[in-house]
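Going by TrEMBL, these are the annotated features:
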ACT_SITE  138  active site, proton donor
ACT_SITE  272  active site
ACT_SITE  350  active site, proton donor
ACT_SITE  371  active site
BINDING   461  Ca(2+) binding site
COMPBIAS  497-508  compositional bias 'Polar residues'
REGION    497-522  region 'Disordered'
COMPBIAS  613-624  compositional bias 'Polar residues'
REGION    613-663  region 'Disordered'
COMPBIAS  627-649  compositional bias 'Basic and acidic residues'
């Protein structure tokens with residue numbers, strides 16, 4: 001994609017068009033293309049019934065196996081399938097990329113036989129001690145994420161997919177891979193280099209440097225080695241610390257100087273998945289500067305001036321993210337607008353020019369992307385509006401009639417001619433088919449580990465399933481819920497107690513400040529010192545393993561073991577709760593507000609949104625209250641934490657923060 005719009009569009013012309021109101025076609029396009037999608041009566045004339053949803057679910061399953069079997073027969077063990085010529089190619093690193101990326105989809109479909117065989121083959125045959133140049137970002141989300149997801153499924157009886165002979169082979173591979181990627185973070189700015197190891201580039205994308213923490217963080221929790229989580233957090237924090245005064249980030253940055261080399265801010269190409277981590281911090285500015293309801297444009301990160309009136313297909317993940325954030329109404333309108341482009345061409349092109357209502361030159365392809373389907377799934381899950389099943393049916397029909405080819409499914413090189421291209425990315429099986437199957441399965445009566453399994457699952461950027469178990473949900477700064485899993489030995493940053501590291505995985509029960517009295521702060525629940533858990537966490541009760549309750553006795557035990565029993569009031573113990581968790585949040589920011597401090601603004605406002613760390617958790621916060629809704633609002637911060645952060649900003653140019661993982 002051009003870095004600043006079409007070459008022919010000079011700055012003066014852009015300014016003139018902006019003055020003349022070239023954004024008006026947005027409104028015309030919206031009115032012409034999406035009115036029907038937002039009219040209730042129009043969506044139900046031939047709506048999908050539950051029985052048809054079951055048939056469509058089975059059709060999607062057949063779609064998966066047509067592509068998966070084609071890969072195994074004609075491409076394996078190469079990375080990806082060439083579905084027109086029925087051949088294979090090494091596109092990433094030469095380690096059976098498509099198989100690893102598909103492992104948890106096999107588990108989701110309940111195919112234990114193939115899942116077992118695939119896990120066994122990967123454990124015995126995949127090695128990373130090879131001389132290859134790889135993309136750090138793609139290797140992380142596809143390979144590392146695929147290995148970790150499959151490991152967590154294969155090692156746990158509760159998933160129903162436990163492999164008897166499995167002995168953590170995939171976890172060992174994941175740790176070996178991550179260790180080989182660590183030098184990519186050894187830069188003056190601590191931002192991750194794009195490629196590793198032979199081709200070092202000074203430029204990385206915002207998404208590439210800011211979308212690594214989930215996989216690396218899970219690995220840290222599983223191995224009790226905090227280095228993986230630490231380096232990736234530093235990378236995403238470093239990007240956010242270099243945001244503009246408008247709280248916008250650009251698309252590309254020099255990892256050695258920290259200078260932005262591409263200053264167009266948007267929600268699509270090169271930035272998209274960054275918002276999955278720092279949505280709380282970045283959402284307000286994105287909606288203010290990028291949102292032209294129902295579309296989104298690219299603007300200069302410093303001035304906010306529109307420079308690129310383009311819908312690109314990677315933007316289509318955004319409505320799903322809005323659903324997870326609880327902002328459903330704009331998600332509905334934007335999804336309808338994006339789907340109107342699909343309806344117009346049968347696929348979404350990589351770029352659609354909103355000023356001319358035409359496919360953008362040079363961006364005419366559809367490489368089987370999952371983002372629109374992903375948002376469709378989340379919107380149906382949130383609204384149960386059957387129009388989204390109609391959307392899914394239309395998307396499935398387009399793929400079946402336009403993209404299906406002899407050995408799999410082909411890229412579409414031109415959405416207007418539907419010409420096929422001999423390539424099938426691994427994410428087609430990891431994401432596109434997965435979200436489409438989940439959509440129809442949810443309507444038919446869900447029968448899968450995501451909806452009916454023992455845990456709440458986080459979907460990674462690549463759509464990999466990661467369970468929100470206590471072992472994974474633990475923050476290194478403090479336990480977020482009573483009876484938290486406290487693993488390991490001193491020295492790694494995940495606890496100093498004697499708790500066994502053999503606890504069985506269980507559904508996490510996030511600590512919820514809103515259920516405590518206003519003077520019952522996090523510091524009254526757990527005492528921490530410099531990021532290490534103080535005392536011995538008592539483990540999990542049966543009820544907590546099921547993820548359904550707290551008990552006064554357990555909370556009292558936590559108080560005593562953590563050394564914070566002084567000033568403890570039994571009337572403030574969290575009461576039992578048996579309500580199901582509606583979503584899983586791995587990194588939760590519960591800002592602790594000081595009564596004496598006024599809300600901050602500008603760059604200091606960001607400091608108010610960070611999670612209470614070991615330094616600030618001991619601050620006197622009597623009378624403070626914290627509520628979940630405060631996570632997306634401007635909040636207050638304890639003065640001590642603000643001073644610490646201001647010093648760090650001045651000395652390092654970097655701001656600490658905690659993002660949230662939503663599912």
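Keep in mind that glycine also has a Cβ here, set from the backbone N, Cα and C atoms.
When Cα-Cα distances from residue 138 (active site, proton donor) are compared across the recorded positions 272, 350, 371, 461, the shortest belongs to 461. Within 10 Å of residue 350 (active site, proton donor), counting C-alpha to C-alpha distances, fall none of the recorded positions 272, 371, 461. By the criterion of other Cβ atoms within 10 Å of the residue's own Cβ, the least surrounded of the active-site residues 138, 272, 350, 371 is 138. Take the CB of residue 461 (Ca(2+) binding site) and look out to 10 A: across all protein chains shown you find 23 other CB atoms. Of the recorded residues, residue 371 (active site) and residue 461 (Ca(2+) binding site) place their C-alpha atoms 10 Å from one another. Separation of the C-alpha atoms of residue 461 (Ca(2+) binding site) and residue 272 (active site): 10 Å, rounded to the nearest whole number.
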